[in-house]
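Asks: Got a structure here, written out as C-alpha cells. Questions coming.
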Amino acid sequence: MALPNKFLLWFYCFAWLCFPVSLGSQASGGDAQIAASAELESGATPWSLLQPIDERDRAGLLPPLFKVLSVGRGGAPRLQPDSRALHYMKNLYKTYATKEGIPKSNRSHLYNTVRLFTPCTQHKQVPGDQVTGILPSVDLLFNLDRITTVEHLLKSVLLYTINNSVSFSSAVKCVCNLMIKEPKFSSKTLHRALYSFTFNSQFEFGKKHKWIEIDVTSLLQPLVASNKRSIHMSINFTCMKDQLEHPSAQNGLFNMTLLVPPSLILYLNDTSAQAYHRWYSLYYKRRPSQGPDQERSLSAYPVGEDAAEDGRSSHHRHRRGQETVSSELKKPLVPASFNLSEYFKQFLFPQNECELHDFRLSFSQLKWDNWIVAPHRYNPRYCKGDCPRAVGHRYGSPVHTMVQNIIYEKLDSSVPRPSCVPAKYSPLSVLTIEPDGSIAYKEYEDMIATKCTCR
C-alpha cells in the first residue's frame, strides 16, 4: 500500500506545480488570440474573412448562403466559351431574370437549369457547294460530363449562330439531317457497331434572326436519361433561297459561310434541394388561401339564437363595465411611486428592432467575377436586431417564442431569448462559366432574405 500512496502523492504535487504554468500559458495565448482577432477585424474587410485558407476548410468558413457558389471557385484555369454562345446566354438570362438576379414571375417554364455546350472536337470537311447550297456532313462530339444525376432533361436544342455581317434579301429555307452515332461493343466480337438515327427538320429565318434553333429532344432524351455523357453526331445542311419571291436567283444560291459550328443547349430540371423549383411555387400561388385566421374571423360573427344570446350577455357585460369604470375613476390617477415612462416602455418596440438590412456586394470582391457572368451585384440581405418582449403578429412568430421569453425572464436566464432570423427567402438566378468552357444558367433557392421573424 505504501507504493500506491507515494505514487498518488507525487502525482498531486506534480499537477499542483504544473497547473499555474498551464493556466498562464492559456491566458497569454487567449490574449494573443484576442489581439490577433482585433487586428484582423480592424484591418480587413468583412469579405476577406470569407476567403478559405485551405480547400478542406472551405465548407466550414463560408456561410451556407455561399456554399453553393463556392463549389466552382478556384482550381485550374477555365476554358473561355465562344463569344456568340455567351451573347446568346446573356440574352436568355435577361429574359428569365431581373437585373438584380431574381427570376421573373411571369415565366411559367418548368426548367431551372439551362446548359450550353460547344463541340469539343470537330472533323472539318470540304466547303459546301455554293451552287446547290449543300453543306457536307460535319462530325461533332459533345462532352456532357457537367450534367449531374439530379438534372433531368426536358428539352434539347441545336443552336446555330449567324454572322452579323450577312444580310438577307429574302427568306431562306433549310433542311437539317442529323445522325446520332452511338458506338457499342459486343462481348463476343469486340467490334464496334454503329447505331444511327436520322432527324429531318425544315425551318425559315429572315433578316432579324441571329440564331437558328433546332429541336432535337426526341433524339437526345433517351441518351441523356441513360447517363450517356459523350454525344457524337453528324449534321448535314441543305439551304436554298425562296424561288417564289426571287425567281431570278441562280439555283437558289446561298452563302454557306454564315453557319458556324452549332452549340448544344439542354433545358434541365434540377431536382436537388438547393435548386429553385418554380412549379412548386406556382402550385401554392394558385391554391385558394384560407387559413385558420380566416376561419376564426368567420366564426366571430354569430347568427340566429346564438346572436341573440350573445347580445344579452354583452348587455350585462356592458353594465358591469360601466360599474368598473366608475369605481376606477374614484381611485387616484397615478400612485405616488408610479413611474409613467417605465410603464410605457414595455409597450414600445426596441430601438434596435429586428428587421432586414442590406448588404450589397459585387462578385469581384470575392474574386468570383471570372466565372460568374451575371448578376454583377448581389444583395443577400440579413436580419439583425432585438426581438420585443411581446412579439406581434407582424413577425409571424409562433406561441413558443412568447413562452421562451417568459422562461428567460421568470424561470431560467440561461435559456436564450428569441433570435432575429430570416423567415422568407427569394431565389437567385446565376449565369456561370463552367471549368470545361460550357455555360450554365441556374436558379438557386433561398438566396435572398425577404422577411425577418423572432424564433
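A Cβ is built for glycine as well, from the same backbone N, Cα and C atoms used for every other residue.
Pulled these from Swiss-Prot:
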- 1-24: signal peptide (SIGNAL)
- ASN106: N-linked glycosylation site (CARBOHYD)
- ASN163: N-linked glycosylation site (CARBOHYD)
- ASN236: N-linked glycosylation site (CARBOHYD)
- ASN255: N-linked glycosylation site (CARBOHYD)
- ASN269: N-linked glycosylation site (CARBOHYD)
- 305-328: region 'Disordered' (REGION)
- ASN339: N-linked glycosylation site (CARBOHYD)
- CYS354-CYS420: disulfide bond (DISULFID)
- CYS383-CYS452: disulfide bond (DISULFID)
- CYS387-CYS454: disulfide bond (DISULFID)
Asks: Checking your reading of the structure: which of the recorded positions ASN106, ASN236, ASN269, CYS354 lie inside a 10 Å Cα sphere centred on CYS454 (disulfide bond)?
Replies: CYS354
Asks: Quick check for you: of the recorded positions ASN106, ASN269, CYS383, which have their Cα within 10 Å of the Cα of CYS354 (disulfide bond)?
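Replies: Among ASN106, ASN269, CYS383, the ones whose Cα sits within 10 Å of that of CYS354 (disulfide bond) are CYS383.
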Asks: Between the Cα atoms of ASN106 (N-linked glycosylation site) and CYS383 (disulfide bond), what distance do you get, rounded to the nearest Å?
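Replies: Counting only the Cα atoms, the answer is 28 Å.
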Asks: Just checking, which of CYS354, CYS383, CYS387, CYS454 (disulfide-bonded residues) has the fewest C-beta atoms within 10 Å of its C-beta?
Replies: CYS383
Asks: Give the distance between the Cα atoms of ASN236 (N-linked glycosylation site) and CYS387 (disulfide bond), rounded to the nearest whole Å.
Replies: 67
Asks: Cα-Cα, whole number of Å: CYS387 (disulfide bond) versus CYS420 (disulfide bond)?
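Replies: Rounded to a whole number, the Cα-Cα distance is 6 Å.
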Asks: In sequence order, which same-chain residues at least six apart have a C-beta under 8 angstroms from CYS420 (disulfide bond)?
Replies: CYS354, GLU355, CYS383, LYS384, GLY385, ASP386, CYS387, CYS452, THR453, CYS454
Asks: Which residues does ASN269 (N-linked glycosylation site) neighbour through Cβ under 8 Å, counting only same-chain ones at least six apart?
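Replies: When sequence neighbours closer than 6 are ignored, ASN269 (N-linked glycosylation site) has LEU110, TYR111, ASN112, THR113, GLU151, HIS152, LEU154 within Cβ distance under 8 Å.
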Asks: Taking ASN106, ASN236 as the glycosylation sites to compare, which has the smallest set of other Cβ atoms within 10 Å?
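Replies: Taking ASN106, ASN236 as the glycosylation sites, the minimal 10 Å Cβ count falls on ASN106.
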Asks: Look up CYS452 (disulfide bond) in the DSSP assignment and reduce it to helix, strand or coil.
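Replies: Note: CYS452 (disulfide bond) is in a strand by DSSP.
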Asks: What is the total of other Cβ atoms whose distance to the Cβ of CYS452 (disulfide bond) is within 10 Å?
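Replies: The answer is 24.
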